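Please read through the structure below; I'll follow up with questions.
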Amino acid sequence: MNTQKKALSLYLRNFLLIITFLVSLQAVAAEKKNDVVSNQKDAFESLLFSDPPSLKGTLREMLANHFGVEKSPNNRNDVYYVLNIGYVDGKLYDPSSNSFQKVHLRGYTGQDANNKRVTQVNQFVAPQIEAHPGDTVRVLLKNRLPPDASCMNNHGMQQQVTANKLADKPHCFNGTNLHSHGLWISPTGNSDNVLLSINPGVNFEYQYDLSNDIPEGTNWYHPHRHGATALQVSSGMAGAFIIRGNRKPTPTSNGDLSTLLMDPETGQSYKEHTVLFQQIAYACRGNDGKLKRKNDGTINWSCNPGETGVIESYDQFGPGTWPASGRWTSINGIVLPTFKSQVGEVERWRLIHAGVRETINMTFRKINPNINLNELHKRAYTGHLKREDAGRLVQELCSGEAIPFQIVAADGLTMSHTINTQKVTLQPGYRYDLLTVFPSSGGYCIMQPQQPKAGSINSESSPQSLLGFVSVSGKDNIPTNEITSVLVNKLIKSAEKFMPENVREEVIKDIAHVEGKDNHHEILLRKFTPHPIDIADNEVQGQSKQKLLFFVGQDSDKHNIFALSHDFSVKNVNGVYMPSKPFIYNPNKLGLNLPLGKAQEWELRSYSVSHPFHIHVNPFQIVAIYDPQGRDVSAPGVVEADGDTQFSGLKGQWKDTILVKTNLLPGDLKNNPKNFYRFIIRTRYQRYIGEFVLHCHILDHEDQGMMEKIAVSLQDNVDVH
C-alpha cells in the first residue's frame with residue numbers, strides 16, 4: 001500500500017512539474033506577446049478535460065406574470081433556456097507554438113435565471129441542454145451579432161436561383177437559426193424549423209414539445225441558416241442536446257438504456273463523458289485587418305505574436321483546407337485534453353462529431369510501457385508539436401495494446417446489438433455512444449488511426465494523429481482480452497438489481513449473448529432499442545422507391561457544381577459527364593412530398609467523392625450497403641478491400657446520418673458509371689407533417705446548394721396513428 005501511495009505521489013508531483021514548466025514557458029512568452037496564458041490556474045484548466053457547461057433552465061417570467069403562478073426552473077414539464085449569439089473572445093491551445101492563440105469567433109453563451117452569462121471554462125463549446133421525454137423545452141435565441149453589410153437587401157432565406165446555376169454562393173453570415181439534430185419533433189412553426197432566418201438584433205423562441213415516447217439519447221444543436229451554416233458551426237457554435245430517460249422495459253414495451261447503465265453498488269449512473277469534437281479552422285488577420293494570404297491568393301495559416309484568429313471567409317473551407325491549416329481537432333473546446341478515469345469502472349462516452357471538415361477515427365491505446373504519461377504530456381504540450389508530426393509521436397509513444405469497447409448507440413438511438421471494436425469512425429453529424437473499461441492504471445492515448453481516402457470526407461488518406469489522453473488510476477490489473485467479460489459481468493449485476501422481475505431474465509440472457517460463439521462479441525440490447533420492429537418488405541410494398549444522388553465537380557466552363565439528383569442516369573455536356581437531372585437548393589421549390597403514415601425504401605449513391613447524408617425528423621434503418629463488387633459491407637465483421645470497417649455491424653441499425661461512400665473522384669464519372677457504393681435504407685414517416693430538409697453534412701457543401709426542401713404531408717387513404 002505504501003509503495004502504491006508513493007507511486008501515486010510521484011506521479012502527481014511529476015505531472016505538476018510538467019504543468020509548472022508549461023506555465024513558466026507561458027509566463028516568459030507573455031512578456032513578448034499578449035496571446036498566451038500566464039497563470040497556473042488557466043494553464044491547468046486548459047489542459048484537463050471538462051464536460052460542456054450545463055445550460056440551466058431559467059425562470060420564465062412571462063408565464064408567471066400572465067397566470068400568477070410561480071414557475072420553478074426545475075419543473076420537469078416546462079424547461080426554459082436562453083442562448084445568446086455574438087462574437088466571443090477566447091483562446092485555443094496551439095501545440096506547435098506551445099501557446100494559447102487568441103481568437104475572435106461567433107459563439108453561443110448561456111444565460112442564467114438572473115440574466116447573467118453562464119460561466120464557461122472553454123468558450124468554444126456551447127452549453128449542454130438536457131431534457132426528459134414529455135418535457136416542453138423552450139430556447140430563446142438572441143442574435144447579438146452585428147448587421148452583415150453584404151446581406152442588407154437579402155435578410156431572408158431567399159436567393160437568386162437560375163435554371164443553369166448548380167452552385168450557391170455562401171451569404172448572410174450573421175443571420176442564424178437553430179437545428180436540434182436528432183430530435184424526433186415537429187419541423188414546423190416554432191419547433192425544429194430551419195427554414196427561417198433570425199437576423200441580427202432579433203430574438204426568437206423555439207419550442208420543442210418532446211413526446212412521452214421520444215427516444216432518449218445523444219443529440220446536438222447547431223445553426224442551420226442556409227449560406228452561413230459551415231462558417232458558424234466551424235466557429236464552435238455547437239452543443240450537446242441530451243434526452244435522459246428513466247423508462248424501464250416491460251414485457252410489452254422497451255425501455256431506456258440508462259436504466260441499465262447503473263452501478264449496483266452506488267445506485268448511481270455509470271460515469272459518462274460528453275465528447276464533442278470540433279474543427280475550428282481559424283486564420284489570423286494581418287496588420288491591415290484582413291485575412292493574411294499567400295502570393296497565390298490562398299490562406300496564409302500562420303499566426304504571429306499579437307495576431308487574432310478569426311473565421312470570416314469560405315476560403316477557410318474546402319478540400320485540403322483542414323490539413324493545410326495545421327489546426328487540431330478540439331474536444332469540448334480543448335486541444336489534446338486529458339481525461340480522468342478509474343481502473344475497472346464502466347464508462348459511457350457520448351461522442352458527437354460537430355466538426356465540418358475531417359473524418360474522425362478514434363481508438364484508445366496504452367502508452368509505451370517504457371515511458372509515463374508525464375513524458376507524453378511534455379512531448380505534446382511543450383514540444384512544439386505540429387499536427388503533421390503527430391503520427392510519429394503516436395508511433396513512438398502510443399504503441400501499447402488497443403482497448404476494446406462496445407458501441408451501444410448510433411446517432412442517439414440505442415442499437416439492437418452492440419458493435420465490439422477497437423476503433424470507431426465518425427463523420428460530420430454522427431454520434432456514437434461507447435461503453436468501455438480501462439484495464440490498468442497509467443496513461444492512454446486517444447488517437448486517430450489512418451483512414452482510407454474513400455472513407456474520408458476529404459477524399460484523402462488521413463495519417464495517424466492524436467486527440468487527447470486518459471490518465472487512469474486504481475489498483476486492479478485486468479488482462480485486455482478479459483475487458484469484454486468484465487463489462488458483461490458488471491452489466492449483468494446491474495440488470496439483476498435494477499431490471500423489473502418480469503423482464504430481468506430476458507435482459508440478462510441478451511447481455512450474456514456476448515459469450516456465445518460466432519456472434520462477433522455482441523451484447524444484445526433488444527429491450528432497449530426505440531425501434532424494435534424492422535421495416536419489412538411488405539411495409540414498403542406499393543410505395544415509390546426514392547433515389548438520391550450526390551455530385552460535386554465542374555462543368556465545361558469550370559463552374560462549380562454542388563448538386564443532388566433523383567435520377568441515377570448521366571449525360572455528357574460539352575465533354576463533361578454529370579447527372580442527367582441535377583438540382584440545387586431552391587427555397588421557393590418543394591422537392592419530395594412524402595406520405596405520412598407510410599414507409600419507403602431509398603437508394604443513395606454518390607458519383608463524385610463521399611458525402612454524409614442527413615435527413616431531418618425521421619431516422620432511417622440500414623438495409624444494406626453494397627460496395628462496387630456487390631458485397632454487403634454493413635454485415636457484422638466485414639473488412640472492406642481498403643481496410644475500412646466503418647459500416648461493419650450497421651445492418652439493421654437506425655441512424656439519421658450516413659456517409660455515402662464512393663471511389664469516384666471529380667472527373668472520374670463516365671457513361672454507365674461504376675466504382676460507387678449503393679446504400680439501401682428504409683424509413684417511416686411518422687406523426688409529424690411539414691416542410692424540412694435533407695442535405696450533405698459537409699456543411700460548406702450544404703451552404704453551396706447540396707440540400708433539398710422536402711415535406712411529409714397527410715394524404716388520402718392513409719391510416720395515421
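Each Cβ is built from the backbone N, Cα and C atoms, and glycine gets one as well.
A TrEMBL annotation is a machine prediction, not a hand-curated record.
Worth saying up front: this structure is predicted, and the values here are computed from it rather than measured.
As listed in TrEMBL for this protein:
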DOMAIN    113-162  domain 'Plastocyanin-like'
DOMAIN    174-246  domain 'Plastocyanin-like'
DOMAIN    581-713  domain 'Plastocyanin-like'
SIGNAL    1-29  signal peptide
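Walk me through where these features lie, including what they touch and how far apart they are.
This prediction places the mean pLDDT of the domain 'Plastocyanin-like' (174-246) at 96.
Residue counts for the domain 'Plastocyanin-like' (581-713) under DSSP, helix first, then strand, then coil, are 5 helix, 54 strand, 74 coil.
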Using DSSP, what's the helix, strand and coil tally for the domain 'Plastocyanin-like' (174-246)?
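Residue counts in helix, strand and coil order: 5 helix, 23 strand, 45 coil.
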